[in-house]
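A.B. asks: Under the heading domain 'G-protein coupled receptors family 1 profile', TrEMBL lists 41-290. Residues or ranges marked as transmembrane segment by TrEMBL: 26-48, 60-79, 91-120, 140-158, 197-216, 237-260, 272-292.
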Amino acid sequence: MEPSNETKFSKFLLLGFSEEPGMQPLIFGLFLSMYLITVFGNLLIILAISTDPNLHTPMYFFLANLSFVDICFTSTTVPKMLVNIRTQSKVITYAGCITQIYFLILFAVMDVFLLSVMAYDRFVAICHPLHYTIIVNPRLCGLLVLVSWIMCVLHSLLQSLMMLRLSFCTHLHIPHFFCELNQMLQLACSDTFLNNVVMYLAAVLLAGGPFIGILYSYSKIVSSICGISSAQGKCKAFSTCASHLSVVSLFYCTMLGVYLSSAATQSSRSSATASVMYTVVTPMLNPFIYSLRNKDMKRALKAFFGKETLTWPIVIRLKKCL
């Protein structure tokens, strides 16, 4: 059979976490709950930032973008898994798999870029406070986000086109709950050397590069905070970047833990379970980290819900007057 025919008629089976029928309702309920919390939590962050004029700053502009990307990131994988569990079908088409890989890479790399941009924002705010408004202006913020999107789109397109050149055999089983790039390369019938080179090179440049930038920014931030004489000043300076530092630590530690655990155990099912941490759990926890550790976000959320609750008495009074 020709490789092109193999690719054209191939369908993939997402094996997920467990094939036991009794576990499916539990997995469905757990992931549905986490998905809803992720969507509504990040949506609240976006609404609070957009409705509060005091939060129309570069820091919260990047945070709103991060929340939007987190919603899209989780929506790339979890809904398909929930549909498969509900319909008792593990099938995903070849086109669906390539599409899932494209958007998964797109939003994952965009997450990394936004975290590095937010680290740069905190670096300028703490190390160069007098020039902050001049350096981090609205034009620069928009340009940084735009360039990040363009780079992510081009990178995802490159990886997807590289996948299209491969041929796959029929009835392929993916021991994961989504089409993961590395798993797909292992299932290919044709030579994947060039794909592996591109994948690892992109990982070094697009994940390692921003991570080095984050480490450099926070090394300068820590040295600047240590130079502050008053304890109150140190506490205030640290509080401005504590939430972002928590999110960065959670994202990179979970992702690093996934790859270390998969390399140690050589178990695809264990890797699928571990990957839940950065694909589902981290986007779900981000709104809690920023809302619980950030006084401005707490105030904005209280004001947002306060406006919602105050709307109904005003409407009732207007109706009585009419």
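The count begins at 1 with the first shown residue.
Note: Cβ is positioned from N, Cα and C throughout, glycine not excepted.
Just so you know, TrEMBL annotations never went through curation; they're auto-generated.
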A.B. asks: For the transmembrane segment (237-260) and the transmembrane segment (91-120), check the count of CB pairs under 8 Å (sequence separation 6 or more) and say whether it reaches 3 or more.
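C.D. replies: Counting Cβ pairs under 8 Å (6 or more apart in sequence), the transmembrane segment (237-260) reaches the transmembrane segment (91-120), since there are 3 or more.
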A.B. asks: Per the definition of 3+ C-beta pairs under 8 A with sequence separation of 6 or more, do the transmembrane segment (26-48) and the transmembrane segment (272-292) touch?
C.D. replies: yes
A.B. asks: Any chance the transmembrane segment (60-79) and the transmembrane segment (197-216) are in contact, meaning at least three CB pairs closer than 8 A with a sequence separation of 6+?
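C.D. replies: These two segments do not touch.
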A.B. asks: Are there residues at least six beyond either end of the transmembrane segment (140-158) with Cβ under 8 Å to its Cβ atoms? List them, or say none.
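C.D. replies: Apart from its flanks, the transmembrane segment (140-158) reaches 58, 61-62, 65, 102-103, 105-107, 109-110, 113-114, 117, 198, 202, 206.
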A.B. asks: In this predicted model, what is the average pLDDT of the domain 'G-protein coupled receptors family 1 profile' (41-290)?
C.D. replies: 87
